[in-house]
């Protein structure tokens, strides 16, 4: 699927994100975001079908529009701060600049484009859009974002829409897309704590999300009614519950760290995030119940034995990683 040229584009997306987050002027941040968009579009059309082309066109229109709004706010900021190359920002312009960055992230209520284009993409571009493509915008947000009513409302909307929106979905990519919107709310909340907390949460999310998407990709599954054909049954359950943040699995660790700090600073926000996380667990429990109800006990045991040799190493890896959840909590809580 990916040749050397596509690997080059993947490298360029990471390098352009690095350019944006390490820049000291708004114009160079904007250039990094544009490089990131141009590098990612060829990865979206690798499959060369009408759906991926449509998704790429929608992605370009949304990103180009948000980039135009971003550079406009940079120009407006230059009138207040005299120099476009200066990294300082006017407080009023800061609130306007939040909008294009939240659009790029796919945060609620600007999430609909994100949900729509996910369905027309292959699993690998989907994973990159949900993870690495969020790096630059969210770190730029961390530079300018302050704790105010406006950003808290965006976080609450992302948490609730990301959790409730996925309940009615049967298309797995859209379920994971809504889950990504919910996780984005947690990431935005992590900015209030520290950049270290944000990095920890993003790394854990990228790690757990990769396992789930890898299993879907290997089994060529896109719909809920196909989920009973998954070969790696038990590793799938573990990775699914870890992505949902169910204790004691690995995905619970960053959420516990964040909850501990948020309760001390913003109790209401932490309650909303916890409740929304419980709702997202319903997606994953529904997948698990569907597999258990569609397979008899004999079939499940036979399936495990048939694939035991092939999946034993993966199964053991998932077990070890999932058992690290509570241990890592103790490590980070010291």
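Backbone N, Cα and C atoms are what each Cβ position is placed from, and that goes for glycine too.
Looking at 176-193, 230-247, the range tied to transmembrane segment in TrEMBL is 230-247. Between the stretches 290-311, 312-333, TrEMBL puts its transmembrane segment entry on 312-333. Beyond the transmembrane segment (150-168), the same-chain residues lying 6 or more positions past its ends with a Cβ under 8 Å from any Cβ of the stretch are 95, 98, 102, 107-109, 111, 115, 174-175, 178-186, 188-189, 266, 269, 272-273, 276-277, 279-280, 282-283.
Same-chain residues lying 6 or more positions outside the signal peptide (1-20) and placing a CB less than 8 Å from one of its CB atoms are 28-29, 31-33, 35-36, 39-40, 42-43, 46, 122, 124, 128, 132-133, 135-136, 139-140. Below 8 angstroms of C-beta separation, residues 33, 58-59, 62-63, 65-67, 69-70, 73-74, 76-77, 80, 129, 134, 137-138, 140-141, 144-146, 150-151, 154, 157-158, 160-162, 177, 180-181, 184-185, 188 of the same chain, each at least six residues beyond the ends of the transmembrane segment (92-114), sit close to that stretch.
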